[in-house]
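Report on one structure; see the data block that follows.
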């Protein structure tokens, strides 16, 4: 038995999203009050009741959310933001203290990953050892929230208002990571990886170890560009290229291959508009005129890191 499970985290997330849905429903000045409220309410249902609702109906809920987003019915409210001058003044007062909550999250996640799974009382464990990292991340976010409230001395309503405003600004893009990761799993189950493997084997001389590494890294980056999510690409490209060519054919280290392969995929994340939550949403939040400004700034860095990462993989994956 575990005291804190992933379901506990999902329930908390669902309650937060449900509160936003209710808040929008009572906001008479919202330009798309009904559509936006319904979108967030459906999203909350997937968190709170996702483990009891049959998967078919969860899929129907997701399709309904996609329809609402496609019809441009998911928009942000017209709530007044804190004036820029006031935010600048507050930031100057807090100085570097403002970064402490953000730093607490990774620190607690690392410490929690190493310790929380070992806390037990007889047959009762504090957390599920298999999910300890995710639980530690969630608890780290909660700790950061408490620290932020203490440091800023903000009103109790401030996180509610600002959290709602930011989540609405992100909008429909918030569901992309889950959807794309699920899509990658579907591709892997349907045999897309084998098709990719056959095509690569016909086009490239994969009997050479470096060519196998190059094909895997390029596949991870390009498939991530198409899918918008490195996790979705990982299931397909690793199953179709990485394991059969690098590991089975040339005897490469699967752990090194997987770690650096994900890094190659992240390089694709930096250069694709499909990764809306990384590249398009920041442009929206910063109110940039060019919606692709973030991508344009990241392209040189992404390509440079990709090339270096590919050679690092070649130098390590066959040696250890």
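Each Cβ is built from the backbone N, Cα and C atoms, and glycine gets one as well.
According to TrEMBL, the feature transmembrane segment maps to 9-26 (among others).
Annotation comment: TrEMBL describes 38-71 (among others) as transmembrane segment. Outside the transmembrane segment (38-71), and at least 6 residues removed from its termini, the chain residues within Cβ reach (under 8 Å) are 7, 10-11, 13-15, 17-18, 20-21, 24, 171-172, 174-175, 179.
Distant neighbours of the transmembrane segment (98-119): 91, 125-129, 132-133, 135-137, 139-141, 143-145, 147-148, 151-152; these residues of the same chain sit at least 6 beyond its ends, with a Cβ under 8 Å from one of its Cβ atoms. Taken from TrEMBL, the feature transmembrane segment covers 98-119 (among others).
Distant neighbours of the transmembrane segment (131-149): 4-6, 9, 12, 100-102, 104-113, 116-117, 156, 159; these residues of the same chain sit at least 6 beyond its ends, with a Cβ under 8 Å from one of its Cβ atoms. Annotation source TrEMBL lists transmembrane segment at 131-149 (among others).
What TrEMBL records for 169-188 (among others) is transmembrane segment. Within its own chain, the transmembrane segment (169-188) has Cβ neighbours under 8 Å at 39, 43, 62, 65, 68-69, 74-76, 227-229, 231-236, 239, 275-277, 280-281, 284-285, counting only residues six or more beyond its boundaries.
Per TrEMBL, the feature transmembrane segment maps to 208-226 (among others).
For 231-249 (among others), the entry in TrEMBL reads transmembrane segment.
Look at TrEMBL and you will find 255-276 (among others) tagged as transmembrane segment. Counting same-chain residues at least six beyond the ends of the transmembrane segment (255-276), those with a Cβ under 8 angstroms from any Cβ of the stretch are 173, 176, 216-218, 220-231, 233-234, 237-238, 242, 246-247, 291-292, 295, 298-299, 301-303, 305-306, 309-310, 312-313, 316-317, 320.
Feature annotation from TrEMBL assigns transmembrane segment to 297-317 (among others).
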